[in-house]
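Scroll down for the structure; my scribbles are underneath it.
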Amino acid sequence: MAFNIITAEEAAQFIHHNDNVGFSGFTAAGTPKVVPVALAQRAEAEHAAGRPFQIGVYTGASTSDYVDGALTRAKAIKSRTPYQSHKDTRAAVNANEIAYFDMHLSHLAQSLRYGFLGKINVAIIEATEVTPEGEILLGNGVGATPTFCALADKIIIELNHHDPKELRGMHDIYQPLDPPYRREIPIYKPSDRIGSPIVKVDPKKIVGIVESDKLDGVKPFTPADETTMKIGQNVCDFLVSQLKAGLIPPQFLPIQSGVGNIANAVLGSLGSNPDIPAFEMYTEVIQDAVIDLMKEGKCKFASCCSMTISDEKQKEVFGNIRFFHDKVIMRPGEISNNPEIVRRLGLITMNTALEADIFGNVNSTHVTGTKMMNGIGGSADFTRNAYLSIFTCPSVAKGGKISAIVPMVSHVDHSEHSVQVLITEQGVADLRGKSPIQRAHTIIENCVHPMYKQLLWDYLKLGKGHTPHNLKAAFGFHNEFLKSGDMALTNWADYV
Ligand code: 0RQ
C-alpha cells in the first residue's frame, strides 16, 4: 500500500478536540518532533477562534519540548499519563490545568488494553523506516508504541531521516497475551530476544507520513560533583562488600539504574571500580555513562526501553553502530520494566529519592507532599521486585535548607517494605531485617547530614510504639520549611 506524504499541518487535522493521542518513544528518545508542534499551533488557532481544543496525552514516559512543552504552552493538554518532566508541564500539572494521572510505567500498555484508560484515537509514531505492508522500524525508544498502534483508529508516521537503518535488529517488540491467557514472558537473561525487530500495523490505519530529520535533543549531563561522586563511591563500596560477603553471586547480577545526574554519576563510579565485575543491565533507560561503560567492556549488554543519550553520544553510537548493535536491545516499557522479569533476573536496582524518612519510606515524586515533580516512572516496577533495592539521594537539598531525610515522608511512593538500602554522600543504611527503631538508628547515624542529626535523634525521643512517630511533630521539618524556608530551624517545642 502506498502512503500519502503529508505536511505536519495536514497531519494535525486528523486529530480532534477530546481525542486521546498516543505518542511514540520513551523520554525524548523516539518521540515525534514535528507533528506535535503543528498540533500545538492548531490548538492555538482553534482557541483564538473561540473553539475548545484539548487532547489526552499518552506517552511511554517523559517526552521533550516538542511534545509536552509545545502542547502545554498551547493549553492543548486535557489529561496526561504516565510520566512527565518538562518544567512547563510540571507547572500546569501543579496549577491543576492538566489532569495528570501518575502510574507505574509497566502498567500503561496493559491498562490501555484492559480498557481502563479510555480509547486511543490517534497514534503519532516516529519511525526510521516504514514498509507498504505496515512494518515500522522504530528509532531510539520504544515506550508503549506497539500498544498505541494496535489500539488507535488512525496512525500518523513521522519518518525521521536522521536515524540509521542499521537500528534494525536492536528492537525486540513483544506484547504479552492478556489475562486469563497470559503465560510467562520467556526472558531468562537480559540478552534474550523474544519478539520482532519491527512493529507490525494494519497499513490501512496509516493516514499519512510526515518527513522529519530532527535529533532527539537530549542534553548532556552535568559533570559529577563532589556529592554525586561520593554517593557513587558509597554505592560501589557497598556492592563490593556484598560481593565479598557472598550476598551477591560472584558473577554479579544485572543492574537497573534510574534517570538523572545522580544515576549517571553512580554508573560512572561502578565503571571505574576494579572490584565490580563486568555486568549486564536490565533497565529502562540507557544514559551516556552506559555507552562509555560498553566501550570500556565494563557493561557487556544492556536491555532497555530507550537509548536516552545526548546528541553528541548519539553521533558516536550511530557512527559505530556495528559495535553497539549486539550489545543493546530496546523493548516495550511493559517488558523492560516487567515485575515478573525483574524478580526472575534478580536485579540490583538503583533509583533516586526526593526524600526518605527515618523508617525507610521513600518519596520520589512530591515536593513537600503537594507539588508533583515528575512522577513515579518505573522506579516502583523495579524496586518492589528487586533482588536488592537501593535508593540514593544527597542528604540535603537547596544549600542545606532541606534535609532529604525527614521524620515522616510527605508522600509515599516506595514503602518501608520495598526499600532495602538507603545511600547518601554521608554513608549507607542497610535496612534489611531491621525493626523500625533499628532502621531509624542506622539511617540517622549513617545517612543524615551532620546539620540535621541531633534534630532527628530528638524527634525519635518524642514518639512511642513500634514505629515511634509523634503525629503532631511528624511534619515539623516540612512545616518549618514552609514557614521560614529552612528545615534546620525546626524547634520540637513548637509541636509538643
Ligand atoms: O532541584 O533542579 O532546582 O536544583 O529536586 O534533584 O538531586 O538533581 O536529582 O535529577 O536525580 O532527580 C527523584 C526527581 C531526582 C528523579 C528525582 C530538588 C533538587 C533539584 C532534582 P533543582 P537532583 P535528580 C526510572 C526511574 C522518579 C522516577 C524514577 C525522579 C531537583 O530521580 O523523577 O525514579 N524520580 N524513575 O534541589 C525539594 C526535596 C528535594 C528537592 C531534591 N527533598 N525537596 N526539592 N530536590 N530533593 C526512569 C524513568 O522512569 C523514565
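Here the Cβ of each residue, glycine as well, is placed from N, Cα and C on the backbone.
Sequence annotations record features per position, and here TrEMBL assigns active site, 5-glutamyl coenzyme A thioester intermediate to GLU284. The CoA binding site annotation in TrEMBL covers ASN374, GLY378, LYS398. Taken from TrEMBL, the feature domain 'Acetyl-CoA hydrolase/transferase N-terminal' covers 6-211. Here TrEMBL flags 325-458 as domain 'Acetyl-CoA hydrolase/transferase C-terminal'.
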If you measure GLY378 (CoA binding site) to GLU284 (active site, 5-glutamyl coenzyme A thioester intermediate) at Cα, how many Å is it? 8
Based on DSSP, tally up the residues of the domain 'Acetyl-CoA hydrolase/transferase C-terminal' (325-458) by helix, strand and coil. 40 helix, 36 strand, 58 coil
Farthest-apart CA atoms of ASN374, GLY378, LYS398, residues recorded for CoA, distance in Å: 26
Whole-number Å value for how far GLU284 (active site, 5-glutamyl coenzyme A thioester intermediate) lies from LYS398 (CoA binding site) (Cα to Cα): 29
Within 10 Å of the Cβ of GLY378 (CoA binding site), how many other Cβ atoms can be counted across all chains shown? 28
Neighbourhood of ASN374 (CoA binding site) by C-beta distance under 8 A, where only residues 6 or more apart in the same chain count: SER62, TYR83, GLN84, SER85, ARG90, THR365
